[in-house]
Amino acid sequence: MATANINGHGERPSAVARFPTAPSVMTMNGNFASVGDAPTKEQYERGIQVIDEQKEFNPNLNTYLQFTDTAHSGFNYHLISVFGSQSTGKSTLLNHLFGTQFGVMSERERRQTTKGIWMSKNKNQSSGASESETMADNILVMDVEGTDGRERGEDQDFERKSALFALATSEVLIVNIWEHQVGLYQGANMGLLKTVFEVNCQLFLKDKQSTPRSLLFFVIRDHLGTTPLANLKDTLIQDLTAIWTSLSKPAGLENSKIEDYFDFAFAALPHKILQPDKFVTEVQKLGTRFRAGHKSTRAEDAGFEGGVFLPEYHRRIPADGFSVYAEGVWDQIVSNKDLDLPTQQELLAQFRCDEISREVLVSFDGKIQPLEEKQAEDTRSGKPTVIADLGSTGKTSRTSTVKNFETQASRYHKGVYALKRTELEGKIDTRLKALYHGQLVAAHKSGVASFSDAVSNAVKLGQKRAASYEFADIVEREKETALKTFETEAKSLYIEGLAWTNFKSQYDLYEKDLNEVSGNLRKEEMRRLATRVERWVRSRLNDSIGVEFNKLGSGRGGSGAPETGEKPASEKDLWDRIWKTFVDTVKEAESKFTDRAKSFDASEDEIEVGLWRLKRKSWGVLRAKIDEEVMEGNILLKLRENFEDKFRYDEAGVPRIWRPSDDIEGIYTKARESTLTLIPLLSKFKLSESSSLPELSEWIGSTPASVDPKDEEDLTPIGGVDEEEGKSLEEEMTVLSEAKRQDLVVRFKKTADGVYVEAKRSAIGGVAQVPLYFYGLLLALGWNEIVAVLRNPIYFIFLILCGIAGYVTYTLNLWGPIIRMMNAASTQGVEIGKEKLREFLKDNEMGRQALGMQGRDHGDSDGISLNTLDSRGKRASREEEEEEEI
């Protein structure tokens, strides 16, 4: 089993021989996620067994890739496999080189450690001293079971299958050999390399369309330096060439060279035990070669510029599909079928494209399905409605869905990807076509109904009043608007490249239906015009009236004061300014309304009614804005700003810095009284120039004779104008009732008092400072006591506990409650003491004689009464006690 101990005693190798970070009891990758296990997070952090010794593939490989954040890296990953004879230190090399934790062999019991194929992610991401020498991202390392082991004996079936699997998936094949094995056949793994060459012919030479390459990276261990690396390299190349020449190759490739399909790299490492420091240094240098690079002609770079990961080595399998691809390859290998990698890639592409298609359609369904359900429900109810932003939603959903599919699936087989994309687009377009057709039907019905009603009403009104109007202009204009609306909706549904989104025939049918409709359009247009003008008046009044109220009493940089510092107009003429602004705004609105109404060829009566309604509506807007400004919170804030401008700043607009010598009380009283005079001013809408109420009835005018009762339904009664409502002009112009005025005065005074108290505190705080020399004097006089406390453990610990208690109390904001409790307790204690003393004097004969007091009834001396205290610890008054009892 993969989790068995390396030796029967469960003991480690000697301290000299073992890897410094190895566990005390060495196991064969016991902490990895093995085949058949329920993997844990800790196991995934170390690695995973891809294939066990029974040739079973691990179905959790994709989960491991997701756990290591490799599955989403696309093509930005690299796969390395290591080959070599059993017990030659392959796992040890990988652990040092990539920071992995593969199980290593115990010298006490020379037996097989690695069974099957194991994988772990590189953990030495920063091997290089500089950024240019940093190892590549997402390096996956496969530790392949060693060859020539006594456990399998002459059974080379797994050896051949594992070599075939590694070659089909890996970019770099590391061959781990010892220096003294160079020149041997079995010792130098030439038998294994012959197997690699044979499976390479089986895999790639049959595919004449491409020439995949792989890198054979020879790591020569225990290199003493007596034989130069170049000589060892030449020997290995000669042996490899001889093996390649002896292979039986496909027709037409008999004269091919080994260099056409393989690149070679070489590295030498010193003895791990005899030269441990140098071994670690050379391994770190070797790690810097595992990064992206390209071919180089310079000999000193060993044929590579930058690193050994060349683009042509990559198998071009996206990381999220690697587990499926690897499992398919292994199934083919185990079943002893001819491994056809192009077919495997197509199968992988079909599987992944279908899977990706289902995933992206989930997002598409989330956006489109609610719209489909709404449209179906409206159709069943007989009231089809136009769904807002359907065109942009459909177009965006289609584009994003296809784009997401393209982003993930385009990395797979191009032919399969193109076919699956066409299928996906067909599914999307079928649903959008039905949805868009229903949208246009709803737009058609609602548009025709709206147009028909509008034109019919316009005709009836013209016939009733015998007024002249250009019906053709009205119909043409409304028709143009309706057509434009339909056209806009149709264009919003258009998708470039899709012929079925050209809705010209539906547009022609819609235009034909509009040509059959007539109605009374002008009145509707007049009402819409009135609404637009009223909205404009509301917008203008909201801004201008708000500015006037913001100027309220702000003598310098208040919220409404100009930036230049000039004082605004007097506070007394506030209502005059508001009335003038209101009249000017409405006059401008009347001009706009009249000009626009004449362009509709409206009658004088219609214009008169419209202007009459405009004035009444505008007054309602003004009253609503005034009521909003004098709401309790708003007006109180403005009064506070007015008070603070006068209290906190001098006549020149300079902020006051309070000192004890300042006449804070006088300034406060003056500012407060000045602000209080504003409240009566604000309570009634009265013009200061004439000292009278505005002539609202005269300004609005009498009700036009041609007014329609329907025109008065939405109008609010106005005091002094609509006398039948029983509300006078005086009541209409009252802004603040007497009760609100009194309440506002009380609230403002409380607010002003708070500002005053704050100013007094700031003035007192400026002088309540302890002189600095006092601290030096305190330190000098109390030095002996400080030393005594610090040297006495009891005092020192007590001091620390007091400090901790004080800090906790301060952090929890408990000082206030504690002080109030102490004050209350002390006050209560004094009262009880006085009461007991009074009882003693009354009960004592000498005390009575001295005080001339009458004896008291001893029957009432048993109880001690407790007084009711207020929040400050004072004795509460009798009235407060009675209220407390109620």
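One is the number of the first residue shown, and numbering goes on along the chain from there.
Just so it is clear, glycine is given a Cβ too, placed from its N, Cα and C backbone atoms.
Values in this document were obtained by computation on a predicted structure and should not be read as measured data.
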**OP:** Among 138-163, 502-527, 580-605, 684-709, indicate the range for which Swiss-Prot gives the feature coiled coil.
**Re:** 502-527
Original post:
What range among 282-303, 392-413, 546-567, 722-743 does Swiss-Prot describe as coiled coil?
Top reply: 722-743
**OP:** Sort out the residues at least 6 away from either end of the region 'Disordered' (372-399), same chain, that have Cβ-Cβ distances under 8 Å to it, and list them.
**Re:** 363-364, 428-429, 431-432, 434-436, 438-439, 441-443, 445-446, 489, 491-495
Original post:
Counting only residues 6+ apart in the same chain, whose Cβ is under 8 Å from the Cβ of Thr88 (GTP binding site)?
Top reply: Gly146, Asn176, Ile177, Trp178, Arg221
Subject >> Mean of pLDDT values spanning the coiled coil (722-743) >> reply: 77
Original post:
Across all protein chains in the structure, which of the binding-site residues Gly84, Gly89 has the highest Cβ count within 10 Å?
Top reply: Gly84
Original post:
Of all the binding-site residues here, Ser85, Ser91, which one's CB has the most other CB atoms within 10 A?
Top reply: Ser91
**OP:** Could you say whether, by DSSP, Ser85 (GTP binding site) belongs to a helix, a strand or a coil region?
**Re:** strand
**OP:** Within 10 Å of the Cβ of Lys90 (GTP binding site), how many other Cβ atoms can you find? Include all protein chains, please.
**Re:** 27
**OP:** Give the number of CB atoms, excluding that of Ser87 (GTP binding site) itself, located within 10 Å of its CB.
**Re:** 19
